[in-house]
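Presented below is the structure to which this report refers.
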Amino acid sequence: MAEAPQPVRGTRDLIGEDQRRFAHVVDTARAVCGLYGFDEWQTPVFEETRVFSRTLGETSDVVTKEMYSFADRGGDSITLRPEGTAAICRALVSNGLTQSLPQKIFYAGPMFRYERPQKGRYRQFHQIGAELIGPAEPLADAEVIALGRDILAALGIADATVLELNTLGDLESRGAWREALIGYFREVAEGLSEESRARLERNPLRILDSKAASDQALVANAPRIDGYLTATAQAHWDGVRRGLDQFGVAYRVNPGIVRGLDYYSHTAFEFVTTSLGAQGTVLAGGRYDGLVAEMGGPPTPAIGWAGGIERLAMLLSSAPAQPAPVAVVPMGEASQAAAIGVLQSLRAAGLRAEQSWRGNLKRRMERANRIGAGWAVILGEDELSRGMAQVKRLATGEQAELALDRIAAYIAAQDH
Ligand code: ATP
Ligand code: MG
């Protein structure tokens, strides 16, 4: 026999409890985003490579080593999307929506990065995301962060995370800070990882996001943005924190939060948990005022975040269980047609209902227990001749004889 194919490294199948957790994260996020007035968008899973290559930053991890890029059969360079924000901005511009602001967008779907797979880190992973495009006000930053917090709260995991907050300032602040960082890291360059040394002149901010242990101590003593904020950047930063207080969102200022992609300015934040080891960031984002313009649109302020569905799903204590089904048990050929009628009436009443395909009463009752049925509807020939069936509550053994057309209403009423 041929060797059976396995899933590709870094990908996984979602089955049973895994899929229920996954769907619960997406459903909850979609519902809470709806409460904030966000509409869902879907963009393609692949884009022209340039949608990502320039905008995410030529020295970012994603662009330098993580993108799934290939030439398609027509010779065009295509990339499986590594993240959602650049694609949403591309869609905003392509669909002529840059004058219809604000746009409040929710999305959910697969992303692709060629990373070293480990717990909470995959090559095909999935994100939920929210983007608020248009407002430049710091209160918009606070509201988008509050939205993230409310999703974590609705999932029951807000207490398992801490919000870490930072500002990257505006272009002018960042320019001055960047020079200071280059000066500092040059002095200590010998202690830096090879990767960080290579980034020193091109993008020293990336060093602050380095995961290399040897860089950590040097990063801790690096100049902080605080000293370089312009008055405008300072006012925005103050406004965001005031807004968070008004929304009742707790945070911790962490000057080390710089985010892995280049398009961020002003606000940067991460909801972090300690319970997933090195893969502790579950939902993260920031302001990206320059991105829509880089995509060929007019200068357009925007703020958003993305959450890793796999990591959020791992934090859930459990997935919401499926309701216990009703098992419909026909006894013999003659009752099969009536069984289908009962099954369909149960489903029409919103009840989960199943029948098994073969076997005697004993076998079928065993199966009803195996699938965790709450009720069995037993269709015996005798009762059927009178238009009735036995309805049994499996947990207690209580049994009642009911007319076929009353069964669904009876069970629905008792179940609630
Ligand atoms: P990390 O520092 O963990 O690599 P990142 O900064 O690359 O994260 P973002 O691009 O901000 O992550 O993506 C937002 C969220 O998506 C992350 O906080 C994380 O929860 C999730 N995520 C990112 N990459 C992966 C991956 N390879 N597998 C699973 N989830 C991921
Ligand atoms: Mg990463």
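Cβ atoms here come from the backbone N, Cα and C positions, even for glycine.
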Listed in TrEMBL for the L-histidine site shared with Glu83, Gly84, Thr85, Gln127, Glu131, Arg259, Tyr263, Tyr264, one of Arg113, Arg116, Arg242: Arg113
Across the domain 'Aminoacyl-transfer RNA synthetases class-II family profile' (37-330), what does the pLDDT come to on average, as a whole number? 93
If you count CB neighbours within 10 Å, which one among the binding-site residues Thr85, Gln127 has the smallest count? Gln127
